[in-house]
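The next block holds one structure in the form of C-alpha cells; read it before the comments.
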Amino acid sequence: MLLSMQGISKSFSGVSALRSASLEIDDGEVMALVGQNGAGKSTLIKILTGAYQRDEGTITFEGDEVSFATPAESQTSGIATIYQEINLAPQRSVAENIYMAREPRIFGFLDRRAMRKGAAGVLRTFNLDIDVDMPVARFSAATRQMIAIARAVTQKARLVIMDEPTSSLDEKEVGILFETIRTLQKRGVAVLFIGHRLDELYAICDRVTIMRDGQTVAKSTMRDMPKMDLVRNMLGKELAAFEAMTREGGHDESRPVRLSLENVGAGLRVRDVSLTVREGEIAGLAGLLGSGRTETARIIFGIDQQDHGTIRINGVERTYKEPADAIADGIGLVSEDRKVDGIIPDMSIRENMTLALLPKLKKAGVVDRDRQNEIVTRYIKALGVKCVSPDQPIKELSGGNQQKVLLARWLCTDPRLLIIDEPTRGIDIGAKAEILKLLRNLADQGLSVLMISSELEELLAVADGVTVLSDGRSIAHLPRADLSETALMSAMAHQAD
Amino acid sequence: MNAILKTAAKTFTPKSSGDLARLGVFVALAGLILFGALRYDNFLSPFNILSFLRYNSMFALIALGMAFVIMTGGIDLSVGAVAAMSSVVAALLSPYHWFAGLSGGLAAGLVVGLINGFIVTKMRIQPFIATLATMLAAYGTGLLLADNQSVSVSYDTGFTIIGQDDFLGFPIPAWIAIVAYIVGWIVLERRALGRHILAIGDGEATASLMGLKVDRTLLAVYAASGFLAGLAGVILASQFGAGQPTEGVGWELFAIASVVVGGTLLTGGSGSVGATLGGALLLGIVFNILNFENGLGVISLSAYWQSVIRGSFLLVVVILQAGLVKKQDKASGM
C-alpha cells in the first residue's frame with residue numbers, strides 16, 4: 001500500500017472538521033475522493049500535504065510513518081498536489097516552471113538547453129508539443145494543468161493529488177487529462193482524484209472513498225458502487241430534526257410567474273438552464289456540487305452575464321449588467337458563503353442589516369439614523385435574532401443568527417424575489433428549522449424564493465417544486481406532488497441520461 | 001502592404017506582456033538621441049556624452065537595484081536617502097584611505113538594505129511602509145553625521161578618482177555601472193536566482209509551494225538594492241567632492257520611473273535589466289535635452305518647469321506602455 005491514513009481527527013477552534021477519517025491508496029491506482037461541501041475532503045488533503053497538522057491519527061506513506069510540517073516537505077517526499085487554481089508562476093516559461101527550484105546547472109549557471117530539452121521531453125510523453133519558452137499564462141487551463149503534472153513527474157512524485165481537476169476544462173480537455181492520468185498510472189504513480197461529476201469518476205477512477213460530516217463513510221471499487229448508492233452515501237440521510245413542514249397544494253399553476261429562465265447559459269459552468277419561480281412559491285434548485293447552481297444564481301442577480309438564453313422578470317425580458325440593477329428590480333441574493341460574500345464581521349448588526357438599504361436610507365447624503373434604528377429593531381424582533389443589542393458586532397452571533405441578519409438585510413429592501421444559496425449551511429439543527437419556517441412564512445406572504453440547497457430534507461420540507469441541475473443543465477423539474485428523496489436522488493445520479 | 005505587416009508581426013512574437021513595452025524604450029531612446037543630434041550642435045560632442053554618462057551612472061545604479069526589488073513585487077523607497085547617507089559616510093572616511101571611503105559607503109548602504117529585507121521578510125511589513133521608515137531614518141542619520149551641511153571629501157587619498165577620473169577614456173562611474181548591469185543581467189537571465197526572483201513576484205505563495213526559499217531571496221534583493229544605493233552615494237561624494245546629506249531626495253522616484261519606463265510591471269513577476277538601463281538613460285536624456293533647450297535661449301525653463309515636463313513625459317510613456325500591454329494581452333487572450 002502506498003498511502004494509509006488512519007483515525008485522522010482535526011478540529012478548528014472547537015468545531016470538529018474530521019472525526020477519525022481514513023484513506024488508503026495503492027500504488028498506481030486512481031482513487032476518487034468524494035463528498036459534499038464541508039464533508040472534510042479538503043481538510044484531509046491539507047493534513048496529508050502538511051498544510052494543516054492533525055490532532056490525532058497516523059499517516060503511512062511508502063511504508064514509513066510520516067508527518068509533514070509543510071507542503072514543501074510532502075513534495076520532496078513524493079506527494080504532488082495539482083490545485084484548482086494551478087500553482088505555477090504565470091509569467092515564467094513552461095520550462096522554468098517545470099524545473100523551478102531544481103534547475104539544472106553548469107558551473108552555477110542555468111543550463112537552459114537541458115531545461116528546454118527536459119521539459120519538452122517530459123511533455124511529449126503526455127503528447128503535448130508546445131513551445132516551452134512561452135510563459136505559462138499563454139496556455140489554456142488544461143495545458144497548464146498538464147504542465148503542473150509534468151512538473152510532478154519530474155519531481156518523481158509517487159502520488160499526485162488532483163483537486164477538482166476538470167472544473168475548468170471542456171469535454172475535449174477532460175479527455176486529454178484522462179489520457180494523462182492513464183499515462184501516470186502506467187508509470188506506477190497513484191492519483192487521488194477529488195471530483196463530483198459522477199460520469200467522470202466512473203470513467204477514470206478505480207476505487208472511491210466517500211466522506212460525509214468529517215468521516216469516511218464508504219470505500220469501494222467503482223464497479224461495486226452504483227451511482228445511486230454513491231449519491232446516497234454522499235448526501236446521507238440525516239434524520240429530519242425539524243418538524244415535517246408538509247403542506248397542501250404547493251405548485252399553483254394559476255399564480256403569475258415572477259422569474260423564468262429559458263435555456264440560459266454562460267461559459268462552462270452554466271450550459272442550458274431553464275426554470276420558473278412563481279409568486280409566493282419556494283422553488284428549489286438542487287444538484288451535486290459543481291452542477292452550476294450558484295453560477296445560475298449569479299447570472300440572475302447580474303454578477304455574471306449569460307451568453308445565451310432569456311431571463312424574464314414578471315414576463316419582461318431582463319439582463320442585468322450589475323447587481324444594483326437586479327436589486328432595483330426587487331431581487332435579493334443571500335450568498336452561500338456568509339464569511340466571504342455576506343457579513344462584514346467587525347461591523348454591527350445594525351450596519352450589516354441595512355447595508356443593501358443604505359441608498360434608500362440616505363437623506364441629503366446622510367444616513368437617517370431614526371429610520372435605520374426603527375427598521376433594525378423591527379427585523380430583529382420579527383426574525384427573532386438573538387443578540388445583546390443592534391450595535392453588537394455580527395461576528396459574535398451564532399451562524400443561525402448571522403443568517404437571519406443577512407435575510408433581514410434583503411427583506412428590508414422589500415424584495416419580490418429572494419435567491420438564497422444554502423440557507424442553512426453551518427447552522428445547527430434547531431436554527432435550521434427556524435430559518436426554513438421563516439422562508440416558508442415569507443413565501444406565504446407573497447415573496448418568491450429561489451432556494452439552492454444540497455440538503456434534500458430541506459428541499460422536501462419547504463419547496464413547492466425543485467429543478468435539478470447537472471453539469472450546468474437543468475435535467476429535471478419535479479413538482480411538489482412528485483417530490484421524494486428517491487426522485488431527487490435518481491435525478492441527481494443519472495446525470496446525462 | 002497588409003501582408004508585409006502581417007509577416008512583420010509574425011517575425012516579432014513577444015513572449016511576455018513587457019516585451020513590447022521594453023522595445024518601446026529603445027525606440028524612444030533612439031528617437032530622442034536623433035532629435036538632440038539634429039537640433040543641438042554639441043549634443044553628440046564627447047564632452048556632453050561623457051559628462052552625461054558620468055552623472056547618470058548614479059541613477060542607473062539605483063535603478064538596477066530598484067528593478068530587482070520591483071520584480072519581486074516590492075518597492076524600495078529608501079534608496080535616495082541611503083545614497084545621501086552613504087555619500088556622507090564615504091566623505092567622512094575618505095581622509096583615512098580612498099578604500100575606507102569606498103567600503104564605508106558601501107557598507108552603510110548594505111546595512112540599510114539588510115534591515116529593509118529583514119523587516120519585509122521576518123516582520124512581514126509591507127515593503128512600502130518598511131522602506132518609507134528606513135528612508136526617513138537614513139535621511140536623518142545622514143544629516144546627523146554631516147552636522148546638517150555638506151562634508152568635503154579628502155583630495156589627498158585618491159578618493160575623488162572614483163567619481164572624477166576616466167579609465168580608457170571612459171568615466172569610471174560609467175565603467176562601474178556597466179559592470180553592475182552585466183552582473184545584474186547574468187543574475188537575472190543566467191542564474192537560478194533571477195528566475196526565482198521573478199517567480200516570487202508572480203506570486204509568493206505559489207513560489208513557496210514550489211519549494212523556493214522566498215525569504216532568503218527577498219533579503220538578498222533588498223540587500224543588493226541598498227548596496228547599489230550605497231555605491232551611488234560613494235560616486236556622488238567622489239564626483240562632487242562632498243558628502244551631500246540632502247542630495248538624494250527624490251532619487252527613489254527617479255529610479256522607480258526608470259524601472260517602469262523600462263517596461264517592468266509594478267505588480268512584479270516580469271522585468272528586464274537591459275530595458276531598465278534604457279529607462280534610466282531615457283529619463284537622463286530628457287533632462288539633458290531640456291538643458292540644451294535652455295542653452296539655446298529659445299525658452300527659459302526654470303527647474304520647476306523642467307520637473308513638470310519630465311513628469312508629463314513620464315506619464316505619456318507609461319500610458320503608451322499600458323496601452324501596448326493591454327492590446328497584447330487581448331491578442332493573446334489573457
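Cβ coordinates come from backbone N, Cα and C, glycine included.
Note that TrEMBL annotation is computational and uncurated.
Annotated transmembrane segment per TrEMBL: B:20-38 (among others), in sequence order.
Residues or ranges marked as transmembrane segment by TrEMBL: B:59-92 (among others). A Cβ distance under 8 Å defines the sequence-distant neighbours of the transmembrane segment (B:59-92), meaning residues of its chain 6+ beyond its ends; these are 101-102, 104-109, 112-113, 116, 120, 127-128, 131-132, 134-136, 138-139, 141-142, 145-146, 151-153, 159, 176-177, 180-181, 184, 188, 197-198, 200-201, 204, 217-218, 221-222, 224-238, 242-256, 258-260, 262, 264-271, 273, 276-277, 279-281, 283-284.
Within the chain, the transmembrane segment (B:98-121) has long-range Cβ neighbours (under 8 A, six or more residues past its boundaries) at 74, 76, 78, 82-83, 85-87, 89-92, 127, 130-131, 133-134, 138, 153-154, 157-159, 161-162, 214-215, 218-231, 233-234, 237-238. According to TrEMBL, the transmembrane segment annotation covers B:98-121 (among others).
Among the features that TrEMBL reports, transmembrane segment is placed at B:128-147 (among others).
Here TrEMBL flags B:167-188 (among others) as transmembrane segment. Only residues 6 or more beyond the boundaries of the transmembrane segment (B:167-188), in the same chain, are considered here, and those with a CB under 8 A from a CB of the stretch are 50, 53-54, 57-58, 60-61, 64, 67-68, 71, 161, 194, 197-198, 228, 231, 235, 239, 271-274, 277.
Feature annotation from TrEMBL assigns transmembrane segment to B:219-242 (among others).
Sequence annotations record features per position, and here TrEMBL assigns transmembrane segment to B:248-266 (among others). Residues of the same chain lying 6 or more positions beyond the ends of the transmembrane segment (B:248-266) and with a Cβ under 8 Å from any Cβ of it are 17-22, 24-25, 59-60, 62-63, 65-67, 70-71, 75-85, 87, 135, 139, 232-233, 236, 272, 275-280, 282-283, 314, 317-318, 321, 325.
Annotation source TrEMBL lists transmembrane segment at B:273-292 (among others). With a cut-off of 8 Å between Cβ atoms, the residues of this chain six or more beyond the transmembrane segment (B:273-292) that come close are 18, 21-22, 25-26, 28-29, 32-33, 35-36, 39-40, 42-43, 48, 52, 55-56, 59-60, 63-64, 67, 181, 184-185, 188-189, 254-255, 257-264, 301, 306, 309-310, 313-314, 317.
Residues or ranges marked as transmembrane segment by TrEMBL: B:304-325 (among others).
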